[in-house]
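Asker: Annotations per TrEMBL:
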- A:4-96: domain 'Aspartate carbamoyltransferase regulatory subunit N-terminal' (DOMAIN)
- A:100-147: domain 'Aspartate carbamoyltransferase regulatory subunit C-terminal' (DOMAIN)
- A:C107, A:C112, A:C135, A:C138: Zn(2+) binding site (BINDING)
Amino acid sequence: MPELKIEVIPEGTVIDHIPVGKWLKVVEILGLTKPNGGTLLIASNVPSKKLGRKDIVKVEGRYLSEEEVNKIALIAPMATVNIVKDYKIIEKFNVEIPDEIVGILRCPNPNCVSNHEYVVPKFKVESREPLKLRCHYCERTIEGDEILGNL
Amino acid sequence: MDWKGRDVISIRDFSKEDIEFVLNVAERLEEELKEKGSLDYARGKILATLFFEPSTRTRLSFESAMHRLGGSVIGFSSASSTSVKKGESLADTIKTVEQYSDVIVIRHPMEGAARLAAEVAEIPVINAGDGSNQHPTQTLLDLYTIKHTFGKIDGLTIGLLGDLKYGRTVHSLAEALAFYDVELYLISPELLRMPKHIVDELREKGVKVHETTDLEGTIPELDVLYVTRIQRERFPDEEEYLKVKGSYQVNLSILKNAKESLKIMHPLPRVDEIHPEVDKSERALYFRQVFSGVPVRMALLGLTLGVL
Ligand SMILES: [Zn+2]
């Protein structure tokens, strides 16, 4: 199979190895649903040695904060982040799930106080592989699709 | 560990040393109380009991504990009589009540409410039950009762019987027992088995765990049989429930093959899972459990107030 050509960006960030279909979540996490001037390139369902199929998101003129990287780690734990300058990758790293997830995930327990009072939801990471989180408030653990569905 | 100002929210926050410490303080207080009738460690201190859902037994137990420590009590016992109905946030209620008191005991229908209250309050907060999540003082009084009766917890074989799937009490008791060298028999209908993640956690911590539906065959092994209520509404159909209901009644005849020293526990209230004929036997510990609640809660109140 010939290598799929995806347009390069002069500078910015390439997020690679996103699970298929999750590119939109990545774009949402980065707040790129609003126009910001820079080019956004998305490739979905691309063949991948590592994942079989993958999504790629390229953002021109934009670099990621640590918090954004942490959020991406939750939905795409295999993702790699490439920093591009002058059309060249100058840095490349794997995302990493932090010990605590603060503010980006809603608790799926409808009776959890965090869904009723003015509270920033908080989760402790109990295990990374497979990903398992425990709500700081109701102490319920959540895994898999429950995490994705509440991001 | 500095106990002054500490919150008591979840048994998960406790180490084995914490648990042992509380049990020892409770024992000391029980002795002192027996000698003197009442104590005055908490004189001038005020406990606020905030019961957003009614639980008369638990509230009375805390109130009794505070009075026996020489302190006094204010509070409310259902949401209807408070500004909560007017839409006031829990945080505002807590910030208000802490101006009137030195320690707060909270019972709330939502999971995590006690944790939130503790984050908001400057004064210590004790969880008296948050939805289906935690009720740490129940677990501590259960452990206290076992220790008081047997002189130890290590080395015992303990059966947990009934609704092991939804039962908050048995979940946290099992988690706390994992600190000790115990053997556990989990006896329940198939439908109401202990959640797998708890069983796995117990095994990881080295507890010898047996899962079974057979109460009669298991009884001869046990030092303690901890009975919980099976809730009819959990069952998909009535017939299923009735089958289970009959098979798990603890009565004198099913206890025939038990060890001489077997004790029966129950967090109460019970419905029909323990026949009243068992009450008079030496085996019945469930009213002793109710009594244990007072010294254990005295210990927690006194420690978090910093007066012990
Ligand atoms: Zn929660």
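Just so you know, glycine gets a Cβ as well, placed from its N, Cα and C.
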Asker: DSSP says what for the domain 'Aspartate carbamoyltransferase regulatory subunit C-terminal' (A:100-147): how many helix, strand, coil residues?
Answerer: 7 helix, 19 strand, 22 coil
Asker: How many helix, strand and coil residues does the domain 'Aspartate carbamoyltransferase regulatory subunit N-terminal' (A:4-96) contain under DSSP?
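Answerer: So the domain 'Aspartate carbamoyltransferase regulatory subunit N-terminal' (A:4-96) is made up of 17 helix, 38 strand, 38 coil.
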Asker: With Cβ-Cβ distance below 8 Å and at least 6 positions apart along the chain, what are the contacts of A:C138 (Zn(2+) binding site)? List them in sequence order.
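Answerer: For A:C138 (Zn(2+) binding site), the qualifying residues are A:C107, A:N109, A:N111, A:C112, A:V113, A:S114.
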Asker: So how many other Cβ atoms are close to A:C112 (Zn(2+) binding site), meaning within 10 Å of its Cβ?
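Answerer: Looking across every protein chain shown, the total is 27.
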